[in-house]
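Engineer: First the structure, then my questions, so here it is.
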Amino acid sequence: MLIPSKLSRPVRLDHTVVRERLLAKLSGANNFRLALVTSPAGYGKTTLVSQWAAGKNELGWFSLDEGDNQQERFASYLIAAIQQATGGHCTTSEAMAQKRQYASLTSLFAQLFIELAQWHRPLYLVIDDYHLITNPVIHDAMRFFLRHQPENFTLVVLSRNLPQLGIANLRVRDQLLEIGSQQLAFNHQEAKQFFDRRLSSPIEAAESSRMCDDVAGWATALQLIALSARQNNHSAHQSARRLAGINASHLSDYLVDEVLDNVDVSTRHFLLKSAILRSMNDALIVRVTGEENGQMRLEEIERQGLFLQRMDDTGEWFSYHPLFGSFLRQRCQWELTAELPGIHRSAAESWMEQGFPSEAIHHALAAGDAQMLRDILLNHAWRLFNHSELALLEESLKALPWESLLENPRLVLLQAWLMQSQHRYSEVNTLLARAEQEIKGVMDGTLHAEFNALRAQVAINDGNPEEAERLAKLALDELPLAWFYSRIVATSVHGEVLHCKGDLSQSLSLMQQTEQMARHHDVWHYALWSLIQQSEIQFAQGFLQAAWETQERAFQLIKEQHLEQLPMHEFLVRIRAQLLWAWARLDEAEASARSGIAVLSTFQPQQQLQCLTLLVQCSLARGDLDNARSQLNRLENLLGNGRYHCDWISNADKVRVIYWQLTGDKKSAANWLRHTPKPAFANNHFLQGQWRNIARAQILLGEFEPAEIVLEELNENARSLRLMSDLNRNLLLLNQLYWQSGRKTDAQRVLLDALQLANRTGFISHFVIEGEAMAQQLRQLIQLNTLPEMEQHRAQRILREINQHHRHKFAHFDEGFVERLLNHPDVPELIRTSPLTQREWQVLGLIYSGYSNEQIAGELAVAATTIKTHIRNLYQKLGVAHRQDAVQHAQQLLKMMGYGV
């Protein structure tokens with residue numbers, strides 16, 4: 001819940017001086033990316049900009065305090081301010097900020113700018129007191145903001161110092177409007193106007209000018225002069241002489257003498273007590289100060305000129321001038337030391353009554369009241385956790401004694417979930433074990449089950465599925481149905497374990513249950529996770545169309561709940577890319593993989609390994625080995641600089657081994673094979689994948705017998721576990737083994753099985769990646785004309801993809817090849833005496849590659865009748881009558897030239 005006053009522009013008071021000369025300068029702010037107003041405290045920055053902002057509807061205002069150094073809080077208020085300025089235009093960004101569903105501030109801002117691209121009118125955002133920001137992550141994000149904000153957007157920053165926003169670069173590019181303390185200082189005319197409005201008796205212009213010079217135009221000093229003159233009935237000039245040369249760092253003594261000591265005791269106590277509030281309203285004042293009418297008292301203090309300012313148009317929220325507020329808080333610590341904890345407790349109670357637990361925690365911490373802090377956390381901590389208020393929660397839990405946590409074990413559970421969210425897995429188990437050992441009395445069974453659900457999640461994340469399954473089952477046996485969050489966690493973990501074990505049907509059922517529970521209770525990240533797992537399971541079962549449809553539901557969930565910037569979004573676009581690759585939709589697969597990299601752009605480069613692997617796969621399927629090598633260099637660098645799940649390593653090794661196969665790099669394959677550990681099992685898709693990598697390397701090295709043993713065992717496991725996509729891949733690799741070892745009948749048998757299974761999986765690229773050896777076999781099957789209709793259609797499609805991407809169309813019949821062929825001693829006499837033209841050689845190459853007449857015409861960009869003429873001529877020159885005879889003749893020529901066909 002956002003505090004309204006932080007989003008309200010300060011009210012323009014009637015007695016303030018209108019700074020016409022500065023307003024004229026600010027009138028051109030829309031021509032700049034950044035308008036920067038800097039000066040020490042008390043020079044009128046906020047007053048000036050609030051005057052300029054008056055009447056501007058499309059302007060948001062964000063007043064900072066120290067708590068805004070938390071990234072999530074900063075983002076929530078900034079987006080809310082822009083929503084006020086645009087009338088709710090940026091709904092997606094708002095939802096992402098409210099639910100903390102973004103990877104980083106920069107990625108949230110990127111989404112914001114996408115929405116603002118449709119906003120065409122001038123737009124302003126004012127950020128006041130930016131000097132309070134000390135978080136370098138926020139500085140980095142705001143530099144990104146300034147670089148990429150729309151041209152019609154102006155950021156206005158008010159700060160006591162020069163902010164770390166790349167000011168020099170903006171200044172050089174003439175994109176910066178600056179107003180500093182020298183310009184903000186009152187001139188003689190403005191000082192005269194000021195005193196005329198504040199003092200009951202007018203003063204001469206010369207005297208006014210002299211006082212202005214004495215304090216160097218410092219607005220706060222002028223205000224103090226007027227206040228002192230009213231309270232003490234002595235001349236304003238006497239006050240001016242006291243303030244001459246003074247600055248903010250030496251102001252405390254003056255404020256004590258001239259302000260605090262000149263108000264009655266009641267007002268003094270009111271000022272000191274209320275100053276602990278960063279912002280205040282009637283209810284807060286009544287509780288903190290004991291005044292019966294807080295609103296009336298606030299308005300009275302405002303009328304007395306005691307540096308209190310309204311924060312919104314309704315007049316409900318107030319705050320002290322930062323300089324005066326800081327002074328009062330310091331004095332409060334000195335003068336009301338004994339009362340201060342009680343004052344903070346009262347403030348916390350009032351904030352709680354108004355529904356602001358984060359502010360209440362701030363005061364409970366300041367009060368040092370562990371019991372109050374504990375009670376707030378027991379009632380509100382999980383909501384704060386779900387809204388990613390992690391830093392505040394961590395600070396709060398550290399402030400509680402361990403005994404208090406033991407007395408309230410759900411707070412121990414909260415602390416453990418905080419550790420889990422930060423990937424501190426070993427600390428989670430240590431904390432829970434210590435708590436179980438030291439909790440007095442018998443531990444509640446439900447709480448123990450919640451501990452086990454969390455432990456199960458930690459175990460699966462840490463690569464320990466056996467322990468994860470044991471703990472998840474224990475949790476589910478003991479958790480009541482009402483404990484939905486822990487039941488969702490445990491059910492999800494159990495489903496994931498069964499997926500790892502190859503029990504796909506039961507795993508799918510549990511993931512569907514997880515989705516239903518998560519949707520019902522609005523636990524959206526687990527709903528998305530369960531959909532991703534369902535899609536992976538369906539892919540493994542060979543039901544790729546069902547996997548596609550599940551992915552569509554996941555994309556819809558991401559859109560509806562604004563989950564675009566969760567890291568899980570990358571997982572979804574990655575498995576979509578895998579599916580598109582399988583179906584030979586390579587351009588779409590590449591685009592999807594690149595979008596996954598974009599989702600992870602703010603994370604460590606190692607997180608991009610899987611998507612980079614897919615980019616290599618796309619290059620390999622296209623036959624673009626140069627590009628594949630370039631991408632592999634980066635991939636291998638990442639492999640050497642990270643610790644990865646076996647699934648990630650298996651996928652990365654797959655593209656490396658395929659690349660070595662396509663380039664004949666036996667040395668690299670042999671070296672990899674020597675150092676690669678062999679998995680103990682092959683009961684899931686990633687273990688099957690790594691064994692397949694081993695078999696492919698063995699085939700490349702001519703180690704056919706051990707490779708065949710591996711593949712036969714993989715097929716047995718795949719059939720028993722219904723890992724149909726893996727079976728399809730295994731059959732294709734077994735086909736290559738048989739083909740290369742000269743067992744052509746066996747090769748044809750398993751290829752027919754693979755084609756039949758592809759009717760279910762839809763695989764195309766898995767065939768294409770095997771290149772010319774696959775093309776030759778498919779040509780033969782097509783020429784036999786015995787394939788069922790679906791297999792025939794798929795074989796023709798695969799052949800077209802191989803011809804398109806691997807450039808086997810007529811590469812063997814180029815001019816250089818033909819010249820060498822004609823000079824070969826064994827060339828048939830018919831070809832030597834009646835040579836083909838270059839175009840006829842090209843046509844022969846395309847016939848050999850399986851092209852129809854229409855496809856040849858399209859490839860060579862000539863009429864179909866012209867192709868028929870070329871075919872008739874080359875048939876006559878070769879002495880053949882049928883297409884199949886021409887293919888066999890071309891194959892004989894290639895063998896004669898030493899090509900392994």
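Glycine is no exception: its Cβ is also placed from the backbone N, Cα and C atoms.
Residues or ranges marked as DNA-binding region by Swiss-Prot: 853-872. For Ser39, Pro40, Ala41, Gly42, Tyr43, Gly44, Lys45, Thr46, the entry in Swiss-Prot reads ATP binding site. Marked as domain 'HTH luxR-type' by Swiss-Prot: 829-894.
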Engineer: Along the DNA-binding region (853-872), what average pLDDT does this model show?
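Structural biologist: Computed over the DNA-binding region (853-872), the mean pLDDT is 86 on the 0 to 100 scale.
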Engineer: To test your reading of the ATP site: which residues beyond Ser39, Pro40, Ala41, Gly42, Tyr43, Gly44, Lys45, Thr46, same chain only, put their Cβ within 8 Å of the Cβ centroid of those residues?
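Structural biologist: Neighbours found: Arg160, Ser181, Leu184, Ala219, Thr220, Leu323.
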Engineer: Can you tell which of Pro40, Gly44 has the least company, meaning the fewest other C-beta atoms within 10 angstroms of its C-beta, among these binding-site residues?
Structural biologist: Pro40
Engineer: Tell me the coarse DSSP state (helix, strand, coil) of Tyr43 (ATP binding site).
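Structural biologist: Where Tyr43 (ATP binding site) sits, the three-state DSSP reduction gives coil.
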Engineer: If you count Cβ atoms within 10 Å of the Cβ of Thr46 (ATP binding site), leaving out that atom itself, what do you get?
Structural biologist: 20
Engineer: Using the structure shown, find which entry in Ser39, Tyr43 (the binding-site residues) has the sparsest Cβ neighbourhood within 10 Å.
Structural biologist: Ser39
